[in-house]
Amino acid sequence: MKIARFSRIGFILAAAGSAVGLGNIWKFPYIAGESGGGAFVLIYLVTVLLIGFSILISEMLIGYMGRKDGVSSFESLAPKHKNIWKFAGFQSVTGLFIMTFYSVVIGWILHYIVTSTTSLPSSIQEAESTFTTMLYSDISTQLFYHTLVFLIITYILTKGIKGGIQRLNLLLMPTLMIIILGMFAYATTLDAFSQSLEFMFAPKWDKIDSGVFITAIGHAFFTLSLGMGAILTYSASMPKNSNLVQNAIWITLLDTVIAIIAGLMLFTFLYEYGSSPAKGPGLVFISLPTVFFEMGIIGNFFAILFFIALAFAGLTSAVSLVEPMIEYFIDRFKWSRLRASVSMGLFFYLFGIVALLSNTDAYKELLSFGSRNFFDWMDHIATSIMLPLAGLVMALFIGFAVEKQRVESIVKHQFGVVAFKVWYFSLRYITPVAMILLLLSLLEII
Ligand code: PHE
Ligand code: NA
């Protein structure tokens, strides 16, 4: 298939739209809160820098050089061993796993847009009980919004990746950032801000076990949209002579800064209202509306605006989660875009319903397996196993399967000689070793 080219800014917008999402504002604060803060955050930051950034460039390279879908690009770049490397394309499936819970969370956000028009919780206790009531017992509301999310996303997908959503995002991404920065500025004036800073940055090593490591590394992949074909697919449409290294620096910086600022702001509000960061998946829904309430009627306005912008951040990421599978079916099986979009949409819609129900009191028992419910299993399998596994495969692919001169000719002058050497070395040795250790520790072998 001939893939239409993005413009330079078009690529950055699409890639940043994919990276910046619920991972930054919903998930990062909640898992940092549950993992004890500082030490987790430090491991996360180091992983983003050492592993995430270098895999980001590798994944971009595979798309940029291969110019095809997530399976065919591997084949065409390693023609001698294409029957082995095509299995690297397994990663495109991960997006559907992620979508089963991601779509449910976007549904919560749509629900919060609507409730923000009329009422905001007057205390953190009220905010908490509103959220948990929805999560544990309000099946019909969640199903309604989940269905809406399915319809919206499937509609966007049928329009293709360069459709209107990226243009809308041009407006809504800055809106989200302005609101977050504004709320952050307000947070810095509160007494609780120093507490929040300490929680975020002072490492408490006694809180660290292998589970925290795995969560942090998995999240580094998740937040940068790595290891499931999204960046690869978008990079296949990157214009010629793009500076991959520069693009990767911008995306990594933007994504990381937004997560840290969102986390600091939300923790501050939680402390300020006598709560704590260990609030679970409801964190952003519990802490922010309480602050908006304090602002009076203008608070409703900001709450609506915030949740709309957040929904868009989630939607642009969601589109990128499903797009690799869609392109695969269009490329390989000559499906129409409509057919591919509806099929993938139905897939995440139906499994999403299972994820949704697995949180509720009524079905929790039925839909829990071992230590986790279905919702958390999907997150765990995708984020902690499949994304790092794909990272390992891509590091080996660029490090060993693609000829060095080809890689050099593209990124060496973008990196500079020394940085190129460090990057290449880390791809060949450091990243694979780290990922293998991680995967072994998941199997509880070490
Ligand atoms: N990076 C997105 C986020 O932080 C989630 C995502 C993961 C999107 C993987 C695409 C691929 O919300
Ligand atoms: Na992200």
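Indices start at 1 and increase along the chain as displayed.
A Cβ is built for glycine as well, from the same backbone N, Cα and C atoms used for every other residue.
For the transmembrane segment (37-66), same-chain residues at least 6 beyond its ends with a Cβ under 8 Å from one of its own Cβ atoms are 31, 72-74, 76-77, 198-205, 207-208, 212-213, 215-217, 219-221, 223-224, 226-227, 231-236, 238, 242, 244-245, 247-249, 251-252, 256, 260, 263, 267, 277, 391, 394-395, 397-398, 402, 406-407, 410-411, 423, 426-427, 430-431, 434-435. Positions annotated as transmembrane segment by TrEMBL: 37-66 (among others).
Summarising the annotation, TrEMBL assigns transmembrane segment to 87-114 (among others). Cβ atoms under 8 Å from those of the transmembrane segment (87-114) belong to residues 22, 26, 69-72, 74, 134, 141-142, 145-146, 148-150, 153, 222, 227-230, 281, 285, 289, 303-304, 307-308, 310-311, 314-315, 317-318, 320-325, 328, 344, 347-349, 351-352, 354-356, 359, 374-375, 378-379, 381-383, 386-387, 389-390, 393-394, 397 of the same chain, restricted to positions at least 6 beyond its ends.
Cβ atoms under 8 Å from those of the transmembrane segment (134-158) belong to residues 103-104, 106-108, 110-111, 165, 281-282, 315, 318-319, 322-323, 326, 337-338, 341-342, 344-346, 348-349, 352-353, 356-357, 359-362 of the same chain, restricted to positions at least 6 beyond its ends. Among the features that TrEMBL reports, transmembrane segment is placed at 134-158 (among others).
Look at TrEMBL and you will find 170-190 (among others) tagged as transmembrane segment. If you look at the transmembrane segment (170-190), the same-chain residues 6 or more away from its ends with a CB under 8 A from one of its CBs are 13, 16-17, 20, 25, 196, 258, 261-262, 264-265, 268-269, 272, 288, 291, 302, 305-306, 308-310, 312-313.
Annotation comment: TrEMBL describes 210-236 (among others) as transmembrane segment. Beyond the ends of the transmembrane segment (210-236), by six or more residues, the same chain brings 3, 6, 11, 14-15, 18-19, 21, 23-24, 27-28, 31, 35-36, 39-41, 43-44, 47-48, 51-52, 55-56, 59-64, 66-70, 73, 89, 91-95, 98, 161, 244, 251-252, 255-256, 259, 317, 320-321, 323-325, 327, 382-384, 386-391, 394, 434, 438, 441-442 to within a C-beta distance below 8 angstroms of the stretch.
As annotated by TrEMBL, transmembrane segment applies to 248-271 (among others).
Sequence annotations record features per position, and here TrEMBL assigns transmembrane segment to 291-319 (among others).
Among the features that TrEMBL reports, transmembrane segment is placed at 340-360 (among others).
Among the features that TrEMBL reports, transmembrane segment is placed at 380-402 (among others). Away from its own ends, the transmembrane segment (380-402) comes close to residues 51, 54-55, 58-59, 61-62, 65, 74, 77-78, 81, 85, 88, 90-91, 93-94, 97-98, 214-215, 217-219, 221-222, 226-228, 372, 424, 427-428, 431-432, 435-436, 438-439, 442 of its chain (Cβ-Cβ under 8 Å, at least six residues beyond either end).
Residues of the same chain lying 6 or more positions beyond the ends of the transmembrane segment (422-443) and with a Cβ under 8 Å from any Cβ of it are 50-51, 54-55, 57-58, 210, 213-214, 217, 384-385, 388-389, 391-392, 395-396, 398-400, 404, 407, 411, 415. Marked as transmembrane segment by TrEMBL: 422-443 (among others).
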